[in-house]
Amino acid sequence: MSPSTGVELYLDLLKRTVSNFIYQDATHVAGLITEAAFVEEARESGEDYPTVAHTMIGMKRLNNLQHCVESALRDGVPGDVLETGVWRGGACIFARGILKAYDVRDRTVWVADSFQGFPKITDDDHPMDAEMNLHQYNEAVDLPTSLATVQRNFSRYGLLDDQVRFLPGWFKDTMPTAPFERLAVLRMDGDSYGATMDVLTHAYPRLSPGGFAIIDDYCIPACREAVHEYRDRHGISDEIVEIDRQGVYWRRSA
């Protein structure tokens, strides 16, 4: 059924805009992608590297983010929204738009990123991260996006205000002292074992019961390893639900 209310129409259009289903920009050529073209199925599933769009997570994961935020609001789950790994900011822009659409004034969207792309590999990194060496993809898919650029993107949507706060830096440095108290939605998009584990270790304990943990890169073995290692260590048995071929989420029961 098509959207009908003003809120539904706004959020549907906002999703289409941050993912650029409107003007349908081509993808970067990288990895398994050999042609610079817009492919609707790939954009729907977040399986391309947009040249212009403000998010690469695709429509299915945007729908999931909307489901999680709206469910938290409906059920009165206390806390803010945090995304770790934001690229051009599109998913966080959409999250702020959801709060705006429902006139929610007591929650914050936290935008955490290095704003430098992936870090260089060091001797301290997990072996699976060293093998992937994600740093090599920074330029190929235009990953490094400055804080100023992300802030400007928020401003273009009319959504840069005091309910948006930025946490620039590597997660191992920013997460231990991040100033949020409670989270209703925790969206992790760091790709690597290290980034995922840093966020789970320091942010997941602040996720409220009934809140949502979203893992954008569960399809990546290093990320999946961190997720299961953390869940096993802390006895987390909440059902992992598949979003698409890449992402999953679960709802925290306790």
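Even glycines carry a Cβ here, placed using N, Cα and C.
Among the candidates Asp162, Asp173, Asp189, Asp244, the one that Swiss-Prot lists alongside Asp216, Asp217 as binding Mg(2+) is Asp189. The binding-site residues listed here are Gly85, Gly190; among them, Gly190 has the most other Cβ atoms within 10 Å of its own Cβ.
Between the CA atoms of Thr55 (S-adenosyl-L-methionine binding site) and Asp189 (Mg(2+) binding site) there is a gap of 12 Å.
Within 8 Å of the centroid defined by the CB atoms of Asp189, Asp216, Asp217, the record's Mg(2+) site, lie the Cβ atoms of Ile57, Gly85, Arg187, Met188, Gly190, Asp191, Ile215, Tyr218, Cys223, Gln246, Gly247, excluding the listed residues themselves.
On its own chain, Ser114 (S-adenosyl-L-methionine binding site) has Pro168, Gly169, Trp170 as residues at least 6 apart in sequence with a Cβ closer than 8 Å to its own Cβ.
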